[in-house]
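Per TrEMBL, the features are:
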DOMAIN    A:11-196  domain 'Succinylglutamate desuccinylase/Aspartoacylase catalytic'
BINDING   A:19, A:22, A:113  Zn(2+) binding site
ACT_SITE  A:174  active site, proton donor/acceptor
DOMAIN    A:215-296  domain 'AstE/AspA barrel-sandwich hybrid'
């Protein structure tokens, strides 16, 4: 089995409020700042409220989705009077925590998100980041309060659009179900446990522990499904079917119900056996996504450890 | 036992989208309009989308809370260029469905709301409206998919601030838990069943059925509790405790946990045995209400029937 070694991972950033109405990250970051939690052993911790105006307004964003602003092209474009707030803020965050792809970037960036979907703890990262995958494996083995799963995205680094891509390694922690604008203790506790376990892993890594390789399961996107709509008005004419609602990560087979029309009829799944994610996520109505479809994959990890000089 | 008779109740209005991000009412009203459901037997049905700009923006309101605009004082004030949108819209709705307190007002107005709290079906009305209470008793006896409860408010008619007070009789149908901006089939189905049973009751009433009196349970407000806050910044420093979260209508006794501070400690209930409602309702963060406290009451109803001439 392969072994891969990395330089110490001493600079860790935790971001919240990237979407201003996803409250776990907002309150997690504020609590870390209140407790001045800026170092744990070998790890320096920076906590950042990503989008303060959107947090104040309790909105996902002010002008454009901040978590789509971190591609190389968007980060390097010109700033003018017409540049949306979030694009300007994205460049600030890149200067503070990156620059993306540089030696100066933080070693690990965790960005905290919530979903209205019943996804429990879902770690999202760009494949195949061995550090992110090992932290996922560690959290999954330690956490008992909720299932822990991983979604691997396939964009190349330059096309990676989300905040965590600014770090040398990056993980989005997506936790739900939680309504926007609301903080639930059970969901907050999951987020806190995931962050604490990440810091614990970084400490062990930096102090010379070797993390054995092995196989982990993950999901990878293959498409998405929009709501049925009125052909004239474009208005949604159905809700997610009760048999699909809250059943993220459970296999969807051809013929399984997916929508209940407001007039009463059922719409069924057509196509392959696939795994639905982000089922009835609030913010995806505007993106015309009722749920995402993924396939399950198995990833074989090398063992990892700190580079010895 | 007393008997009270009323003129026929032939004009029924259903409103949704009074809060633009509470989606059950929005989709219920749109579906009724799509199906041109404007009469059922003896009952004419008017369906109204109350706050279209807020629905389009998927926000609770644009300038001020529409559902606080229906006191006599606010309805009769002058309209100027500075009058907030919702106050102007409130006066339009009062002209269309009222005027409040007049012979021209619709006989029954049902306004559909959602809450992020686990309140199942909660009918809200001003005490003591025998028609509203009888419809509550009927829905409670027929509905099997969810518990049905009632909240009786105590404002006199002139001070009644919410849209349903425009009708001769009025009921707010509050259903949850549902995140704002999301429509869940299970919650939609509860709303539809409650509206269908209301129409069924009106039909029976108009065709001469007598509804026997008896006792019903209801809740009535005694106060509210705010979140713990940082004395300097005013920021919330706790979430509803997991033992209280989702436990609306379950008695809260002195010493029961009510908040979990983000730093980990527990805050306990002090005071009388009371019933919490609207626990962790999204829209009440800005109103500084973590939950409302109510007491349980028993109301003795007269029998009711249509007035024979």
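Cβ from N, Cα, C; glycine included.
Feature map: annotations from TrEMBL on the structure.
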residue : record                             : DSSP class
A:19    : Zn(2+) binding site                : coil
A:113   : Zn(2+) binding site                : strand
A:174   : active site, proton donor/acceptor : strand
Between residue A:174 (active site, proton donor/acceptor) and residue A:113 (Zn(2+) binding site), the C-alpha gap once rounded to whole angstrom: 5
Count of other CB atoms lying within 10 Å of the CB belonging to residue A:19 (Zn(2+) binding site): 26
Which of A:22, A:174, the listed recorded positions, has fewest other Cβ atoms within 10 Å: A:174
Local Cβ density at residue A:113 (Zn(2+) binding site) - other Cβ atoms counted within 10 Å: 26
Residue counts (helix, strand, coil, in that order) that DSSP gives for the domain 'AstE/AspA barrel-sandwich hybrid' (A:215-296): 3 helix, 35 strand, 44 coil
Listed in sequence order, residues not in A:19, A:22, A:113 with Cβ within 8 Å of the centre of the Zn(2+) site Cβ atoms: A:17, A:18, A:21, A:24, A:25, A:60, A:67, A:112, A:114, A:115, A:174, A:283
